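Participant: Below are the structure tokens for one structure; questions will follow.
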Amino acid sequence: MAASAAATAAASAATAASAASGSPGSGEGSAGGEKRPAASSAAAASAAASSPAGGGGEAQELLEHCGVCRERLRPERDPRLLPCLHSACSACLGPATPAAANNSGDGGSAGDGAMVDCPVCKQQCYSKDIVENYFMRDSGSKASSDSQDANQCCTSCEDNAPATSYCVECSEPLCETCVEAHQRVKYTKDHTVRSTGPAKTRDGERTVYCNVHKHEPLVLFCESCDTLTCRDCQLNAHKDHQYQFLEDAVRNQRKLLASLVKRLGDKHATLQKNTKEVRSSIRQVSDVQKRVQVDVKMAILQIMKELNKRGRVLVNDAQKVTEGQQERLERQHWTMTKIQKHQEHILRFASWALESDNNTALLLSKKLIYFQLHRALKMIVDPVEPHGEMKFQWDLNAWTKSAEAFGKIVAERPGTNSTGPGPMAPPRAPGPLSKQGSGSSQPMEVQEGYGFGSDDPYSSAEPHVSGMKRSRSGEGEVSGLLRKVPRVSLERLDLDLTSDSQPPVFKVFPGSTTEDYNLIVIERGAAAAAAGQAGTVPPGAPGAPPLPGMAIVKEEETEAAIGAPPAAPEGPETKPVLMPLTEGPGAEGPRLASPSGSTSSGLEVVAPEVTSAPVSGPGILDDSATICRVCQKPGDLVMCNQCEFCFHLDCHLPALQDVPGEEWSCSLCHVLPDLKEEDGSLSLDGADSTGVVAKLSPANQRKCERVLLALFCHEPCRPLHQLATDSTFSMEQPGGTLDLTLIRARLQEKLSPPYSSPQEFAQDVGRMFKQFNKLTEDKADVQSIIGLQRFFETRMNDAFGDTKFSAVLVEPPPLNLPSAGLSSQELSGPGDGP
């Protein structure tokens, strides 16, 4: 199409220039003489249009058909060529807009100053610039040309003899006599004389004669006037003008037009390339918009997940506090009701005795009546203790400001340096956010920056985030990249978030590339930190105590990273009842956090370099994804396809030797095989028919591992992971303290003897509950032990069917609550004496 358009443009431009610059003396002859180069250029344009590079049938239709009526241009339709190189019938051009009073005799058009709109491209042009389309005029004039050439006479002599030959060099028709003379003259004897057609010079092109000298052909090209002339006109009207022979002029003009066509073709190819690049950029911009939408939805999903998790923690904490108060009040109410009934009976009997007329009976029963009356008066009834008010505290203004500052979209121009997100101004002015390392610029890089205040009303300062510290980073690099991306949907969250709910405190840092996930740091509280440019929060900074007489549900003072490797906590954290304190580098082991204790922690986070991104193999997540469900540490993790729990290879039960596939399911989600099909004749106690104690069968081994993995993943069981490493437990029972880690080692046959039956496994777990129960006097802890025991028994029953393990579990002692000052002897009767 480019070659066709270029050839057509060049040929039409040459035709228009020649017609416009014709002299008055050779007006019609000049117009007719232009048919020779014009026809040649039209043939070249037609060939280019029909080639594979051409525009096809539509481009050819625009060249040979009217742009208005779509009819083929014929001489009888008076075809016209506009300056924009579009063709149209003279009748289809329509009336011109008058712009001047001058009229032109060219085809009866409007005045020279009138404006005409092109029917194809709507470009305006002057009517004087519209010329006749000589290419299409010659298409139907072959017959008339042949009849005219048949009567052509010789022009070399005065005899008017019919011409039988034609000299190509002289462009003259010759008779037989002149041909012989032509071949005798030394100057003309080498000329080419054709006898095939007296008036034919080329196939498809007829000879054009001068309109002044009717018998003289147009064989010269006047360079000064830029028009075709005959020999007589060149000697008279164009005397002393520079001229060329027709063949030389055509050759030179073709070279000039070919050079222009080549230049325009190169420019057109560059334009096509740029057009493709712009179209590709449009698609890239659309892809960037979709990717930004996905990033925003992913950030919102992560925030809602953290809100859901935090909401469950707060609800559980409130439930624990209220359950203890409710149980104590119920026991007090039961005691008071019993005393009340006893006093009512004494009052009723004493009143009945006083109203009785039997004086003898009154005197005989005086001792018993006095005894019960004095005994009832001695009973001490404790007053009702006022219970403190419990309320949920949160800063609405801070959360509103945090929501208003939720992220930002930064579009970087190509060539600019990426310096990372600047410090965001949070509601409570935390320390500045700094991102270490330098990153390469992207054509369109989306960066999200967040700054928020703390949700702890008693906190005096904000934690300072200086980056991310990786753990388990030396476990090797795995090629490839496969990440488990959660579905962006609100139906998966079981927390009802109303319109008044606010997002948690969080900060977002961009990934190293546009394909990496952004680092979202969730803050569920704040610890005391040095203001300004302080490095990290010092561990162990005390928080402000709660108000007296008010039960406050404590919030966790921790930070969680989503989409990037979370840092290992550097100090203990405040957790609910039976939640462990995260061990730091110098800690001896996990400890139980007292409900009344108040601690705070600092977290140092070191950001990874932007220029490098960790990669992982199929089925494995690097430490930037999440933390292990068992050990709560980052690293190379595998994610379950169903529950989306993440585990280290050695933390999962059974331990994984290789990285599983993408559709891997953990032991908690895997369907257990039927006990009867797997075990055969082997009983639950692990002994065979000969009475020799054997190891656990493969089916029982898998079921025990599933139950133990459920205990490891159960949040309230976290203090029981490593009881034996704590000095407190070692002093109570030296050498005999059990914890989940030792039970796992024995189940994996790392300690001897291994378990031989599920009952033995259940006995060890029950003994662990009993040991922990002896070490605590807190009623809430005892209540939690009862809940853990029920959880374990439920898991065992689910794994082993109808088999009951209640007998092997140690039942913790009942709660010894006060009986309002009454002993069992006093409530039983007066048999003890006064």
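The backbone N, Cα and C atoms fix where each Cβ goes, and this holds for glycine too.
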Participant: If Swiss-Prot marks one of Arg77, Arg194, Arg279, Arg470 as citrulline, which residue does it mark?
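Facilitator: Of the listed residues, Swiss-Prot records citrulline for Arg470.
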Participant: Of Tyr187, Tyr458, Tyr755, which does Swiss-Prot mark as phosphotyrosine?
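Facilitator: Record says Tyr755.
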Participant: Where does the phosphoserine label fall among Ser501, Ser601, Ser823, going by Swiss-Prot?
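Facilitator: The candidate carrying the phosphoserine note in Swiss-Prot is Ser501.
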Participant: Have a look at the recorded sites (Lys367, Lys408, Lys770) and report the one with the fewest Cβ neighbours inside 10 Å.
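Facilitator: Least crowded of the recorded sites Lys367, Lys408, Lys770, by Cβ count within 10 Å, is Lys367.
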Participant: Neighbour count, 10 Å Cβ-Cβ cut-off, for Lys750 (SUMO1 cross-link): what number do you get?
Facilitator: 10
Participant: Just how many other Cβ atoms lie inside 10 Å of the Cβ on Lys273 (SUMO2 cross-link)?
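Facilitator: Taking every protein chain into account, the count is 10.
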Participant: I need the nearest neighbour of Lys367 (SUMO2 cross-link) among the recorded positions Lys273, Lys408, Lys750, Tyr755, using C-alpha distances.
Facilitator: Tyr755
Participant: Work through the recorded positions one by one (Lys273, Lys750, Tyr755) and name whichever has its CA nearest to the CA of Lys770 (SUMO2 cross-link).
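Facilitator: So, spelling it out, the nearest of the recorded positions is Tyr755.
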Participant: Can you count helix, strand and coil residues in the domain 'Bromo' (695-799) using DSSP?
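Facilitator: Going by DSSP assignments, the domain 'Bromo' (695-799) contains 74 helix, 0 strand, 31 coil.
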Participant: Roughly how many angstrom lie between the C-alpha atoms of Tyr755 (phosphotyrosine) and Lys408 (SUMO2 cross-link)?
Facilitator: 57
Participant: Can you check what DSSP calls Lys408 (SUMO2 cross-link), collapsed to helix, strand or coil?
Facilitator: coil
Participant: Please report the number of other Cβ atoms within 10 Å of the Cβ of Tyr755 (phosphotyrosine).
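Facilitator: 23, counting other Cβ atoms within 10 Å of Tyr755 (phosphotyrosine).
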